[in-house]
Amino acid sequence: MAAAAAAPSPSFSKTLSSSSSKSSTLLPRSTFPFPHHPHKTTPPPLHLTPTHIHSQRRRFTISNVISTTQKVSETQKAETFVSRFAPDEPRKGSDVLVEALEREGVTDVFAYPGGASMEIHQALTRSSIIRNVLPRHEQGGVFAAEGYARATGFPGVCIATSGPGATNLVSGLADALLDSVPIVAITGQVPRRMIGTDAFQETPIVEVTRSITKHNYLVMDVEDIPRVVREAFFLARSGRPGPVLIDVPKDIQQQLVIPDWDQPMRLPGYMSRLPKLPNEMLLEQIVRLISESKKPVLYVGGGCSQSSEELRRFVELTGIPVASTLMGLGAFPTGDELSLSMLGMHGTVYANYAVDSSDLLLAFGVRFDDRVTGKLEAFASRAKIVHIDIDSAEIGKNKQPHVSICADIKLALQGLNSILESKEGKLKLDFSAWRQELTVQKVKYPLNFKTFGDAIPPQYAIQVLDELTNGSAIISTGVGQHQMWAAQYYKYRKPRQWLTSGGLGAMGFGLPAAIGAAVGRPDEVVVDIDGDGSFIMNVQELATIKVENLPVKIMLLNNQHLGMVVQWEDRFYKANRAHTYLGNPSNEAEIFPNMLKFAEACGVPAARVTHRDDLRAAIQKMLDTPGPYLLDVIVPHQEHVLPMIPSGGAFKDVITEGDGRSSY
C-alpha cells in the first residue's frame, strides 16, 4: 500500500479546468525540443519522437477528470503510451517509477544521486525520453524544478536521496507551496525494514514536509507506484497548484513487479471539495457593481497566470486600470496604458493611490498578503471588494469581501466577459475621469532614480537590459533589492516571464530557477538578475550551466552588501551595520569575493563593468555571447528601493525620497 501522509488539505481544493493532470494528458509545450542524451550508450529499444510525446499533452477540463475511479480504456492506452517493456515483463520498481514519469509526459528532471536513490538513477539511464540535468546541490535541483514549472506551466520534477539529500529540498518545497508552483519531488528512503531504526541517512521526510507540501506519500507497496505518480501529478497541478512529495524506500525500488497502469486514482475527498463552475448570478452581480462604480481597480495576482488573454479582454471591455502583485507581473502587460504596474510595499505610488482611492476593488487570484496590504484596516478602506480565487481558504482569510466566488479565474473571467459582451451597447462604462486622475499621479510620481558621477545605478542596469531584450526575456531573480528593481523596471509582457521567490523570499533562487527555465524553454533568452548575497548561496550551479551548456545569462548587481537589510538599517536602525557587509573588512577597496574567479573556475565567460558609460556595451556583449555568461555589475550600496511603505504601514506612510547617503 502507499501510506498517504495526509489527505490533501481542504485549503488546497481547487477547480480542475485550467491545470489538472492525468496520466499522459498534460499541458502542451509546443516549443520545447526533445532533450538530447549525449552520454547514453545503451538506449532502450523504444524511441518516441518529440511530436509523439508532446502531442499527448492536453489541457484538462472538468469533463475529462470527473470520473477518476474509472479504468482507462484500451483506446486511451493505445493512444497515450507505448512501453519499452512487454506487458507481462517484470521490472524493478525504479523502472516502473521512471516509466510512470514518462507516461505523465516528463522529459526533464533535476536529480542528484545518493545511496537511497541509486536505483532511480540507474533506471533513468535506461530511459530514452527523460533527460537528467544534474544540479550541484539538491536545493539547486528543487529551485530548478520550480523555475521549469514557473516558465512552462508543466510540473517540474526533482529527485534526491534520503536524509540530507531530502532535507535539502525543504526550502524549495516551502517556496513552491507559498507561490502555488506545481512540482513533484521524489526522494529515496531507507529500506522499509529500517524505517524507524535511525538508519544511516534516515530522515522522516514525509513528516518533515507535511506542512509545506500540498500532499505527500510514503510508498509501502511497489504495486502502488503507477497510481501514486498519477495522483501526484494530478494534485500538483489541479486546483491551486503546489508541491507533492513521493518518498520511495530503496527495497521498493529494487522489487520486481508487473505494473498495473489502469489503477484508478483514489482521491474522493479531494475531488468532492473542488469548486464548481462560477455562479452566473454572482457574475451578474459583479457586472452590476462595476456599472455602479466610479473608481474601480483590478488587483491581480499569480492566480491569473493561466488567464492572461481573458484578463486582457476583460480590461478591454471595461476600461478598468490594473495593479499587479509581485507574483502577478506579466498577467497583464506592464507597458499597457491601463497598467498601474506593481502595488504593495515597493509598488508604484499611483498603483497604491488607485487602491486607496477606489470604490470597487476587483481582487482576482490574490491572497491579500501583508506585503501588498500593509495595515489591513486601511487597505482599500473605501472600496467594495470582489474576491475571486481558486482556493476557498483564501477568501475572507485576511480581508472580508462583499462578493466572493471560489472558482478558476479563467472560467470566471470567461463568464464575466460573456456577460459584458452580451450587454455591449447597453452598459455605459465610462471611467475616463478616473483614469485621468490616475494619469496625474503617474506624471507626479513616476518611478525614478538619481545618478552619482559615473557610478552605475542598479535601476538603470535593468532599464538597459529591458531595452536590449525588448522586454521579452525570461527573468529570474534572487531575493532583495535587485528583485524589487527587476519587478519595477523590467516591463513584462506576458505570463511565465517573471520567476521569483515571492511568498518565502528564498535567497539563492535566481540561478537555479534560470536553469530550469532554460531547460524548459530553450529557445528563449533567460537572464538571472541577481544580487551578490543571493547569488553566492547557490554559486555552485555555475558548474551546471557550463556542463549542460545552458545559455543562462547572469547580470549580477554587486554592491558588496545585503542591500535590502542595509536599507532597513539605514531607515530604522540609524545605519548601524549588523553583519550586512559581504566584502573583506581588511581590504574594503577590493571587490570580494571575486565573482569572476568563480565563473573562471567553471569555465563560464565573465566580465566586470564599473562605469555607467560602459554598461550598455557590456550587457549587449553578455546577450550576444553564445552559452552561459556572467556580468558583474558594480553598483553603489547606498541605493534604496523606492517607493516604500514601511511594514504594517498604510498608503499615507509611503516613502518616496532618500537613500543611504542621508541620515534618518
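Placed from the backbone N, Cα and C atoms, the Cβ positions cover glycine too.
On a predicted model such as this, the values are computed, not experimentally measured, just so you know.
The annotation region 'Disordered' is assigned in Swiss-Prot to 1-51.
The transit peptide annotation in Swiss-Prot covers 1-91.
The compositional bias 'Low complexity' annotation in Swiss-Prot covers 1-34.
According to Swiss-Prot, the thiamine diphosphate binding site annotation covers Glu138, on the basis of similarity to another entry. The local packing around Glu138 (thiamine diphosphate binding site), expressed as other Cβ atoms within 10 Å of its Cβ over all shown chains, amounts to 27.
The Cβ of Cys158 (disulfide bond) lies under 8 Å from the Cβ of Val109, Phe110, Ala111, Glu138, Gly141, Val142, Ala144, Ala145, Leu169, Gly172, Ile183, Val184, Ala185, Ile186, each on the same chain and at least six residues away in sequence. For Cys158-Cys304, the entry in Swiss-Prot reads disulfide bond.
Under DSSP, Ser357 (FAD binding site) is assigned to a helix (H, G or I) in the three-state scheme. Residue density at Ser357 (FAD binding site): 17 other Cβ atoms are found within 10 A of its Cβ, drawing on all protein chains shown. According to Swiss-Prot, the feature FAD binding site maps to Arg240, 346-367, 389-408, an assignment based on similarity to another entry.
Averaged across the region 'Thiamine pyrophosphate binding' (481-561), pLDDT for the predicted model comes to 98. Marked as region 'Thiamine pyrophosphate binding' by Swiss-Prot: 481-561.
The secondary structure of Asn559 (Mg(2+) binding site), as reduced to three states from DSSP, is coil rather than helix or strand. Taken from Swiss-Prot, the feature Mg(2+) binding site applies to Asp532, Asn559, supported by similarity to another entry.
Separating the Cα atoms of Ser357 (FAD binding site) and Cys304 (disulfide bond) is a whole-number distance of 23 Å. Of Cys304, Asp532, Asn559, all annotated as recorded positions, the residue with the shortest Cα distance to Ala363 (FAD binding site) is Cys304. Separation of the C-alpha atoms of Asp408 (FAD binding site) and Asp532 (Mg(2+) binding site): 39 Å, rounded to the nearest whole number. Classification of Ile390 (FAD binding site) by DSSP places it in coil, neither helical nor stranded.
Asp532 (Mg(2+) binding site) falls within a helix when secondary structure is assigned with DSSP. Sequence-distant neighbours of Asp532 (Mg(2+) binding site) (same chain, six or more apart, CB under 8 Å from its CB) are Leu556, Leu557, Asn558, Asn559, Gln560, Leu582, Met595, listed in sequence order.
Cβ neighbours within 10 Å of Ala363 (FAD binding site), excluding its own Cβ and spanning all shown chains: 28. Separation of the C-alpha atoms of Arg240 (FAD binding site) and Cys304 (disulfide bond): 11 Å, rounded to the nearest whole number.
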